[in-house]
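K.L.:
Below are the features I grabbed from Swiss-Prot:
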type	residues	note
BINDING	58, 59, 71, 72, 105, 117, 121	glutathione binding site
DOMAIN	3-87	domain 'GST N-terminal'
DOMAIN	89-211	domain 'GST C-terminal'
């Protein structure tokens, strides 16, 4: 981009982690500015909202030079288009976005369980296996059609949908380590993504966070 890039978020994975994974995969340098979430540390975030012209007074915020971008999903789509990881065709771009939207649905349910202690039994017995089955089926269809040893959800190359699914299960497995045991392709996909050199390096050196 040429401009200085700063990602503003809390000291957590949360809604910024997929953006960080995209930067890691692409090898893009940026400043990962994290706000504390407790006590006096939270004052810094309040001051930030006053100083920056943020559209919704929320983070994540991606600043590129003088440009201020808000809303995590919009930022992800913007970066994926700019760096050509959104799909090789108009239809593949749709499929990548479709999977990305599905990830948001189940990630929301996980967050309700993990952060707000809601409906854990329903999540584990119904939501998680149901959505994992959806993703397994989609991955199997694309993997079979392409007949290779790489695991992509869309087409023959990595898209942000792959990183989104990886981020979802990377998050879920911090609390439920055996969540992929009945979904061999999803498990292989996550292992494949986690072993991509830039992703592996990022995860190895990633700062531990509360959520």
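Quick reminder: no glycine exception, Cβ is built from N, Cα and C everywhere.
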K.L.:
Compile a sequence-ordered list of residues in the same chain as residue 72 (glutathione binding site), six or more apart from it, whose Cβ lies below 8 A from its Cβ; state 'none' when nothing qualifies.
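P.N.:
Expected: 15, 16, 18, 19, 60.
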K.L.:
Given the binding-site residues 58, 71, and counting only Cβ atoms in the protein chains shown, which has the most within 10 Å of its Cβ?
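P.N.:
For the binding-site residues 58, 71, the Cβ with the most other Cβ atoms within 10 Å is 71.
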K.L.:
So how many other Cβ atoms are close to residue 59 (glutathione binding site), meaning within 10 Å of its Cβ?
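P.N.:
Excluding its own Cβ, residue 59 (glutathione binding site) sees 23 Cβ atoms within 10 Å.
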K.L.:
How does the domain 'GST N-terminal' (3-87) divide up by DSSP, counting helix, then strand, then coil residues?
P.N.:
35 helix, 19 strand, 31 coil
K.L.:
Could you list the residues of the same chain, at least six apart in sequence, whose Cβ is under 8 A from the Cβ of residue 105 (glutathione binding site)?
P.N.:
131
K.L.:
Across the domain 'GST N-terminal' (3-87), what does the mean pLDDT come to, as a whole number?
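P.N.:
It averages 92.
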K.L.:
Among 58, 59, 71, 72, 105, 117, 121, listed as contacts of glutathione, what is the widest Cα spread in Å, to the nearest whole number?
P.N.:
31
K.L.:
With DSSP as the reference, give the number of residues of the domain 'GST C-terminal' (89-211) in helix, strand and coil.
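P.N.:
Looking at the domain 'GST C-terminal' (89-211) with DSSP, the answer is 87 helix, 0 strand, 36 coil.
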